[in-house]
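J.: Take this structure, written in structure tokens, and hold onto it; I'll ask about it next.
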Ligand SMILES: NC(=O)c1ccc[n+]([C@@H]2O[C@H](COP(=O)([O-])OP(=O)(O)OC[C@H]3O[C@@H](n4cnc5c(N)ncnc54)[C@H](OP(=O)(O)O)[C@@H]3O)[C@@H](O)[C@H]2O)c1
Ligand SMILES: NC(=O)c1ccc[n+]([C@@H]2O[C@H](COP(=O)([O-])OP(=O)(O)OC[C@H]3O[C@@H](n4cnc5c(N)ncnc54)[C@H](OP(=O)(O)O)[C@@H]3O)[C@@H](O)[C@H]2O)c1
């Protein structure tokens, strides 16, 4: 390809890129910057020059990263002032926050994969970008290689998004998918995921839904033009999901997924707002999200004009994530070369974030009850009293092994009801003399 | 939102938009331009002014389109010279081609949904855009509301795409899905699709794969940086798909889909090139594309760094398509306001387009054979002689109703083989004395 085709107002002046972090993602970014130098130059209209890589341990062997070893530095504070674009793949809140603020103050645009920081303090970063007239891009922060933020910020910007349902954490999807295919329990499957490198030694951030909650906050912010922080997200992890829950889902041709749900909805008191939550839920096997296997991610979007959309792909891994970083880098670099800026924060709608009690979904409830006439009527009454209507009931007789007493298992699926109403139902059931045990309650999504 | 936040080098000078066509898509575009005027102004940094709408019948009642009736004109030739952006939703090759060339010569950027024109003569349009220094965008031409071309042109531009598998025609997907769920035949289901408005009175362009072939050409061109025309695409429609084929797919837990397949591959003589084809094929129900129901579209992409990606959504309809048009309009208008240009044609790889005989896939073959010892051995020999290796064989005994003679049905699934080798196998089978009939041959994709 001839370079002369490209107009370049800066002549051959290179775009200076500083890389913060050289771990799983950073080492892929560094390698791609070197290997795709010609391609990047053609797409951007100017060459890219890697001016430094900040790391913690400058003495570590990094011979797999094909760059001049002199580029490695521990002085990130200095490095960010010497760049046109700062790529941050360090992770965590501090020092990443301070470094990015300093970078923008010094006139650099920022590309980051740091969902934790954005979900904690995005508005501060956006404000700094606005003040400096630079770009803040973070495609890699949600669902790795899947281009999802750009369509939300650009293609869907003129539409009204009503709902986002995402499988945004690969570790938990891997665990739930394996539980589904093998019938194994949670602990055992997590151990297997750790052995295969799909779960970290301390899997808490993934398993308890913290990572998914941060991503849900970023998706909700873009979808609803409203500031949503990670801490605003109702969160329930998958550590209480049992093999029995998975089997119960299977029995009604559903699968259990950890879903990030962002919904435009109306609360009980009539307030129009957004509901953002992360929790395990059953979805029908016919739903497009049900076919998301292994550690894959997918984001399902419902919008007024566009209808249903789904984006599917790898949510993590060095190369897929680095590719998303590079896509952002090209967009930002093109702005530097050709002028202009990408979309900034869009928080004009400023909708209230509703309490989880206001969120509406269907429920799958498994109850152990005495096996005698009139029990079903009493159970049904408990639902009626709390205003939750029943869609289906299935009953299985079984003999309780310890006492020899006949017990029945009731599986009830409700119509859509609020979390608050459902909680009242569950309380009433637990207090009922005919109910031996509320075995499990799980939400059913994606109707 | 305060407008003062937006820098606008043109001051309040509006972006003049000419709309060519006001049918299914055009009327949605016109309505959205009016209804979203404030939003568009905020995103673009300048107001959008609709300067005219070219139609065939200026006297037609268009009271559903909320614009000044004086805007309608039959003089498209004049209209295109009075705009900064020309949106073309007329369709067909001529006069659309001449109008778009004239528009670009006059300095206007172009947004079009016209897959037929792009697949026929894309390079001429790209050359005109380059010569005039304007943009040529056509997100709506493939898979309606699904943002697929932008990720291919931008997010995946630095990656090596190896394969694209697309369900890009809603009519045929609707027909095949209904055949799968109801067990009905092709003719009957097409009639039903016509009654429901999912198929046109003359369904040829959809059913025989012409529409999908045009889209396959556009996808392959972007994926492989190589010029591919609609006429280069091997094409086979769904009119020969029988209820028996669908049932056979079901029996092995597969579904039949009309796939657009774009593949980076190596021909028999060692030539590295691209294979682009549209034909019905079986895919496993566990494949993400299998869950694409009704008239939905999806595009599945495999790339070296990104891994597998899938984009799913509505492929047609006025509003979804208009939304894609508006997304392009915003991108192009931002370039006009802020300077810069989007990516132009990328055809540098200039790979040869391989003959369909070189393309490699698995096959499902149904044979009626005599039911006597030694038949399977003779059939297996026909495969071995032509170099096609067998993965599985299933045999069903059945009695041929007309002659009362016992017949067996053999269902053979092969390992991957070239179309050329398979054709030789089928010839050998047809000529074999033990084979009464080659009942069907269908490709099996997505392994
Ligand atoms: N891994 C994925 O698949 C993935 C996917 C999407 C998003 N992300 C996000 O990408 C970011 C990076 O993830 P990762 O998996 O690449 O992390 P990682 O492998 O732990 O790498 C972190 C890098 O940052 C460096 N670092 C740590 N503290 C530093 C400091 N104070 N100053 C300078 N450098 C410092 C480390 O230096 P040393 O090399 O000297 O230790 C290391 O090179 C995180 O925000 C993560 O959430 C990751
Ligand atoms: N429909 C979809 O869902 C869809 C989806 C994706 C892409 N597309 C593409 O979008 C384009 C438009 O499709 P459509 O369904 O909107 O078509 P349509 O409903 O048939 O509308 C065509 C419009 O073009 C006008 N027109 C026809 N010939 C003309 C001429 N010579 N000069 C000026 N105006 C002329 C017609 O005028 P009158 O109103 O006076 O007849 C009509 O308003 C096509 O390229 C199609 O492939 C459509």
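Cβ from N, Cα, C; glycine included.
I grabbed these lines from TrEMBL:
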| type | residues | note |
| --- | --- | --- |
| ACT_SITE | B:215 | active site, proton donor |
| BINDING | B:20, B:21, B:22, B:23, B:24, B:25, B:26, B:27 | NADP(+) binding site |
| BINDING | B:115 | NADPH binding site |
| BINDING | B:200 | L-homoserine binding site |
| DOMAIN | B:364-443 | domain 'ACT' |
J.: Which of the binding-site residues listed here (B:22, B:24, B:25, B:26) have a Cα atom within 10 Å of the Cα of residue B:115 (NADPH binding site)?
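T.: The binding-site residues passing the 10 Å Cα test: none.
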J.: Could you round the CA separation between residue B:26 (NADP(+) binding site) and residue B:215 (active site, proton donor) to a whole angstrom and send it over?
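T.: Rounded to the nearest whole number, the Cα-Cα distance is 20 Å.
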J.: Inside 8 A of the center formed by the CB atoms of B:20, B:21, B:22, B:23, B:24, B:25, B:26, B:27, which other residues of the chain have their CB, for the recorded NADP(+) site?
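T.: Other same-chain residues with Cβ inside the cutoff are B:19, B:28, B:29, B:30, B:55, B:89, B:90.
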J.: Starting from the Cβ of residue B:115 (NADPH binding site), draw a 10 Å sphere and report how many other Cβ atoms land inside it.
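T.: Total other Cβ atoms inside 10 Å, all chains included: 25.
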J.: Listed recorded positions are B:27, B:200, B:215; which sit with C-beta under 6 angstroms of ligand 2?
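T.: List returned for ligand 2: none.
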J.: Based on DSSP, name the secondary structure state of residue B:26 (NADP(+) binding site): helix, strand or coil.
T.: helix
J.: Determine the mean pLDDT over the domain 'ACT' (B:364-443), rounding to the nearest whole number.
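T.: 90, rounded to a whole number.
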J.: Using the structure shown, find which entry in B:21, B:23, B:26 (the binding-site residues) has the sparsest Cβ neighbourhood within 10 Å.
T.: B:23
J.: Whole-number Å distance between the CA of residue B:21 (NADP(+) binding site) and the CA of residue B:200 (L-homoserine binding site)?
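T.: Counting only the Cα atoms, the answer is 19 Å.
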J.: When the number of other CB atoms within 10 A of each residue's CB is tallied over all shown chains, which of the binding-site residues B:22, B:24 has the maximum?
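T.: For the binding-site residues B:22, B:24, the Cβ with the most other Cβ atoms within 10 Å is B:22.
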J.: Compare the C-alpha of residue B:200 (L-homoserine binding site) with the C-alpha of each of the binding-site residues B:20, B:22, B:23, B:27, and give the closest one.
T.: B:23
J.: Under the DSSP assignment, what numbers of helix, strand and coil residues are found in the domain 'ACT' (B:364-443)?
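T.: DSSP classes over the domain 'ACT' (B:364-443) add up to 24 helix, 37 strand, 19 coil.
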J.: May I ask for the distance between residue B:23 (NADP(+) binding site) and the residue listed as 'active site, proton donor', taken between their Cα atoms and rounded to an integer number of Å?
T.: 21
J.: Could you state the whole-number distance in Å separating the C-alpha atoms of residue B:27 (NADP(+) binding site) and residue B:215 (active site, proton donor)?
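T.: Cα-Cα distance, residue B:27 (NADP(+) binding site) to residue B:215 (active site, proton donor): 23 Å.
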J.: Counting across all protein chains present, how many other Cβ atoms fall within 10 Å of the Cβ of residue B:215 (active site, proton donor)?
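T.: Neighbour count, Cβ to Cβ under the 10 Å cut-off: 27.
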